[in-house]
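Asks: Quick one: this structure, given as structure tokens, is what I'll be asking you about.
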Amino acid sequence: MFPAQANFSGCGGDRQEYTEIDWKAYMAEVEGVINGTYDYTQLRGDTGPLVYPAGFVYIFMGLYYATSRGTDIRMAQNIFAVLYLATLLLVFLIYHQTCKVPPFVFFFMCCASYRVHSIFVLRLFNDPVAMVLLFLSINLLLAQRWGWGCCFFSLAVSVKMNVLLFAPGLLFLLLTQFGFRGALPKLGICAGLQVVLGLPFLLENPIGYLSRSFDLGRQFLFHWTVNWRFLPEALFLHRAFHLALLTAHLTLLLLFALCRWHRTGESILSLLRDPSKRKIVSTLFTSNFIGICFSRSLHYQFYVWYFHTLPYLLWAMPARWLTHLLRLLVLGLIELSWNTYPSTSCSSAALHICHAVILLQLWLGPQPFPKSTQHSKKAH
């Protein structure tokens, strides 16, 4: 969320300073844990109660000490600048292994998004921390280190729940790689790490920890929405609308799993072995993107949830009618929508139109992995 004094409608060269939004709240929340409070219902900051899982607490506790109890903002910004560079490196490694995105697109990823730079270095949100762990997890999956990949995926979830949008794709990949019984140990890694990280809080108040850190029904404020500004506020807040979005989300995931993620000519029940690197990336990125499209609300810092995946989604599976120019136009309109503060009905509508174009070309475009059914040796 961005305060009124921070106007991001332009993307010019005026230097923007740090603006306090959530950093002090993060520090107050972890300070409560440092002082001995393990009941999640008693942990809160200036912006409200602590609503992130235990991994967030541990990582930001480290930042608390590294920044002189959260007071050294310049040090925090330097740390997040390094985090930004690490994110780019991990994303470039993913793209290098898939060989599907033209080099000129990386200029957009590095230089053209003022909003993303702001989220990392000027606002110090926890979203980039979760995403760098997620991209590290994907790199490990591409290296066939499935156990470590699941471990870092779970660690990313423990920082912020948005990473769960990748979970349907990861589940599909685990089943296709190992089968149901073989996937259970990997799923056990994901679940076990959550238990270990949350153990001090689970022992103190298990219901309080689970209800606060994994609150799937949390209500969002209409004031901050980027994607649903054109709706009446009453409809935006209505539970029936939320249920409709969830139904559409699950339906589209099922359709992609049945019709797009498995190789042509093979039954979904014939679980595959050794999915290609392109298939891993395509499945995970598409799973997350579908969740973004049907989110109950998107706030400005949520842009990093999928910004670095957009070039792959647009170029890896291009429909013939989507030229390079049109793809760049889609990227530009998405960037403009996220840079409009406060959001308007037009900016929200433009964002949905761009999302619809990407979804349509993901559905109609060629599969980004070979149709060959030749199996290689299963990774350990």
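Here the Cβ of each residue, glycine as well, is placed from N, Cα and C on the backbone.
All TrEMBL annotations are machine predictions without curation.
It should be emphasised that the depicted structure is a prediction, and the values quoted were computed from it without experimental measurement.
Sharing the features that TrEMBL gives for it:
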type: TRANSMEM; residues: 50-67; note: transmembrane segment
type: TRANSMEM; residues: 79-98; note: transmembrane segment
type: TRANSMEM; residues: 129-146; note: transmembrane segment
type: TRANSMEM; residues: 152-175; note: transmembrane segment
type: TRANSMEM; residues: 240-259; note: transmembrane segment
type: TRANSMEM; residues: 312-334; note: transmembrane segment
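Tell me about the surroundings of these features in the structure.
Replies: Same-chain residues lying 6 or more positions outside the transmembrane segment (50-67) and placing a CB less than 8 Å from one of its CB atoms are 26-27, 29-34, 40, 43-44, 73, 75-76, 79, 126, 129, 155-161, 194, 197-198, 200-201, 209, 212-215, 218.
Distant neighbours of the transmembrane segment (129-146): 56, 59, 83, 86-87, 90-91, 93-94, 97, 152-153, 155-157, 159-160, 162-163, 166, 173-174, 177-178, 186, 277, 280-281, 284, 304-305, 308, 379-380; these residues of the same chain sit at least 6 beyond its ends, with a Cβ under 8 Å from one of its Cβ atoms.
Note on the transmembrane segment (312-334): residues 94-95, 98, 100-102, 105, 108, 278, 281-282, 285-286, 289, 350-351, 353-354, 357-358, 360-362, 364-368 of its chain, located 6 or more positions outside it, place their CB under 8 angstroms from a CB of the stretch.
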Asks: Which residues of the same chain, at least 6 past either end of the transmembrane segment (152-175), have a Cβ under 8 Å from a Cβ in it?
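Replies: The answer is 52-56, 59, 126-127, 129-131, 133-134, 136-137, 140-141, 146, 182-183, 186-187, 189-191, 193-194, 197-198, 213-214, 216, 253, 257, 261, 271, 275, 279-280, 283-288, 290-292, 302, 305.
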